[in-house]
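Below you'll find the structure, written out as structure tokens, and then a few comments.
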């Protein structure tokens, strides 16, 4: 534990001004001065690549293209950009600034902001567990595909395998093939029957036994994550040079290859063709808000953790703008990678692109795209690099999540054992339940409370002056208005729940109840901690509220001299 010294100051720590300004508490604020410095990134680029690696994940590759064409094609870019400018980027900037100024993690930071909201930190850690469950499962599936790709003929190319059924229909290179509602491609049956084996499970009530092949993949993933975090940011900062840059090389190769396929232009037209009437639908704006939020990733505690290792005077404003632009452009470019291939598949099936592009989520990554790759010249090479890209995208995000939660070895073992449940033959249904209820609405609600606590309880003026102490200037009016009003409203709009379906399986009513319990398992820590804090704080109710709402102030990289408090030059 670093040695700490406590002093008392009034009002702002960074600039002179009356203590009764809006957003300030006139009472003395306890200040914690840390005399031992926190670890720092070896290079500025280590930090930028780490943030980009976390923000740019599998969702950029599959979710944005699907959401874009579903909601009006090119017309969807209008609500997407507006939601990014007024909602996503301000929240992204807020978290980078909070982490850099207070230089601490998602739980302990709340004693410096508003102690009664510390339950938000606990809730974030629970959600980080659910996200890790989801990402580690997807990465293990991708690793299984990666191993299966090392063959002269990819195993999802034909219908001549032991797992195939009479519904398997291979239409590539054949004439007069009839595609019906009962038809299943070789890639679909490889995914559902050989990888997941969901046909041997009747649903959530009968998940079956563990698939040992996937268990081995999971063990290898955990080994990689462990050694990536062996020495904290010093190790992860080096790993990210591979995991954050390699996906861009692969995306470029796949985009060039996709553009040369017959029928690729159909997919591009379908992707970008604007349907302006869609902008009148509320669901389009809700999807835009949800997409930009989950793409940039505020609220998971990762941005707080990553920026806490920055130097105190690092330009976090510029970092927020650059990394947000990279994230959004990656999503847009990924659309061309996906839809050139979908156009090619539509050409081969002799159907419309919308009939090919019905799959979304992991199915797009594990069925649709592998099916197209299997019928390309050089299919083995393109399959290998595609699944390498998926593995590195997933690893980047899961490593950042493990970094911010600081899991111990014993906890990792327990985590591994619990995660094995997702690799049963019905584990895909459990993964879907976690994806929908464990992460979606709870994280949006939590970030809504986070933005409210910072803007209204901590005080927008105090927060702005924290940024001034780091950057030398106060954020403009635009940022303040977004933090106080627009961004919280954007989060409220994002709260939306789609029907729960997977492989034509109808989730039973009791599973929806279980889903709500999963969602409540994270969010409940916020009111629980509020009650705990109020009960155990001595004094009258008014005094207790004053103590619970008053932050302790941390002065990173600040020393005391005979003239008072001043930054270290």
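Cβ coordinates come from backbone N, Cα and C, glycine included.
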The annotated transmembrane segment range in TrEMBL, which must be one of 239-265, 536-562: 239-265
TrEMBL annotation of transmembrane segment - which of the ranges 209-227, 266-284, 494-512 it falls on: 209-227
Given ranges 47-65, 161-179, 180-198, the stretch to which TrEMBL attaches the annotation transmembrane segment: 47-65
Which of 77-98, 239-265, 437-458 contacts the transmembrane segment (47-65) most, counting Cβ pairs under 8 Å: 239-265
Cα separation, residue 53 (Na(+) binding site) to residue 168 (disulfide bond) (Å, whole number): 38
For the transmembrane segment (119-147): best-contacting stretch of 77-98, 372-395, 470-493, by Cβ pairs under 8 Å: 372-395
Fewest other C-beta atoms within 10 angstroms, as judged across 56, 168, 393, which are the recorded positions: 168
Pairwise CA distance, residue 159 (disulfide bond) versus residue 53 (Na(+) binding site), rounded so that it is a whole Å: 37
295, 397 as binding-site residues, winner by CB count within 10 A: 397
Among the ranges 321-346, 437-458, 513-535, the one whose Cβ pairs under 8 Å to the transmembrane segment (285-309) are most numerous: 437-458
